[in-house]
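Contents: one structure, followed by commentary.
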Amino acid sequence: MSKNRRLFTSESVTEGHPDKICDQISDSILDEILKKDPNARVACETSVTTGLVLVSGEITTSTYVDIPKTVRETIKEIGYTRAKYGFDAETCAVLTSIDEQSPDIAMGVDQALEAREGAMSDAEIEAIGAGDQGLMFGFACNETKELMPLPISLAHKLSRRLTEVRKEEILPYLRPDGKTQVTVEYDENNKPIRIDTIVISTQHHPEISLEQIQRNLKEHVINPVVPKELIDENTKYFINPTGRFVIGGPQGDAGLTGRKIIVDTYGGYARHGGGAFSGKDATKVDRSAAYAARYVAKNIVAAGLADSCEVQLAYAIGVAQPVSISIDTFGTGKASEETLIEVVRKNFDLRPAGIIKMLDLRRPIYKQTAAYGHFGRLDLDLPWERTDKADQLKKDALGE
């Protein structure tokens, strides 16, 4: 490898990974609540281990949701349907411990600082403050048609395919837990040129040989997903490199909501503010502002204003206006970063209620994002993935 070239690696996990089970349960509960009460406040955390699910958090709503039923349906859909897996939708225990949102937090969200001080009327959308302080990042680049970094894009596609061949019984001996990882080589111009390494670990039936798993996964998972032009004779494959992966899922490792935040976003290619997404309604800026930051970054790249763009937003609890907006185009910008911030402020309402309105976030759309990434999802119609602002941004930034 030339000294001016570099390697970058990202990973993904399947929907049967213990942490991802938790993300999907938390977002399933959120969606069930939002179907009946779009204004509910939800912060739902899930933990799983052998034979046990614990759902906890703060939920303020006018509706009733059968949480154990929602939990079991989600686990069944993922594929944990047999007691010998050590975790089974029918027989696992489901414990719940739910409180209401703290009134101190609710006060800040219900009516933003600016509205409480009389600067805005109660009727305006600015009357919702941020549910917490924090910083969030959004990113986009032109490496793929979905404007995502190539390593995480391929890792997600491999994980999705791993689940497809299991559920469609193309490889019926597979079990739900699995992980993928892709290492991409970049040239001196930071363009992806080849795949250096592919790693796949998949849970399986105990009677299947490692050789069969390796052969089947190359044929049915890797070859249909990975572009042939990026593979060469030096590409390395590590398929179940420990040799055996029978005990998996919550029996193998305990899982928690919010422990796959890099898988959920950009695979480490961009910075992360630390806040998780799943189980949180849109008044939580950890989620909604991260979606908005992606929306901004993607439209900047789609407009041709940069090849690569990272957007940072930051908030104070109870305050509607972001305390800061920062944009980094890594030397690829066609306009100055000051100009980009100016046109972003003009074209995007980045106050929490503005984000909710702009992206229509009070809908039950979250469970589908809880596995295989929240961004770059060509299989879903997610509002923060639209590029409907690109033309206006280009016009405002370049005067075209």
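Glycine residues also receive a Cβ, built from the backbone N, Cα and C atoms like all the rest.
Given the structure is predicted, the values throughout are model-derived calculations rather than measurements.
Quick look at what Swiss-Prot annotates:
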- His17, Asp177, Gly178, Lys179, Arg244, Phe245, Asp253, Arg259, Lys260, Ala276, Lys280: ATP binding site (BINDING)
- Asp19: Mg(2+) binding site (BINDING)
- Glu45: K(+) binding site (BINDING)
- Glu58, Gln101, Asp253, Lys284: L-methionine binding site (BINDING)
- 101-111: region 'Flexible loop' (REGION)
Segment-level pLDDT (mean, integer) for the region 'Flexible loop' (101-111): 56
Least buried by Cβ count (within 10 Å) of the binding-site residues His17, Arg244, Lys260, Lys280, Lys284: Arg244
Largest separation between Cα atoms (Å) of residues that the record links to ATP, namely His17, Asp177, Gly178, Lys179, Arg244, Phe245, Asp253, Arg259, Lys260, Ala276, Lys280: 36
C-alpha spacing of Gly178 (ATP binding site) relative to Lys284 (L-methionine binding site), in angstrom: 30
Nearest of the binding-site residues (Asp19, Glu45, Glu58) to Asp253 (ATP binding site), judged by Cα-Cα distance: Asp19
Rounded distance in angstrom between the Cα atoms of Lys280 (ATP binding site) and the residue listed as 'Mg(2+) binding site': 16
Protein Cβ atoms within 10 Å of Asp253 (ATP binding site), excluding its own: 15
Among Asp19, Glu45, Glu58 [binding-site residues], residue with fewest other Cβ within 10 Å: Glu58
Using Cα positions only, nearest of the binding-site residues to Lys260 (ATP binding site) (Asp19, Glu45, Glu58): Asp19
Integer Å distance between the CA atoms belonging to the residue listed as 'Mg(2+) binding site' and Gly178 (ATP binding site): 11
Cα-Cα distance linking His17 (ATP binding site) and the residue listed as 'K(+) binding site', given in Å to the nearest integer: 16
Among His17, Asp19, Arg244, which are recorded as binding-site residues, the nearest neighbour of Glu58 (L-methionine binding site) by Cα: Asp19
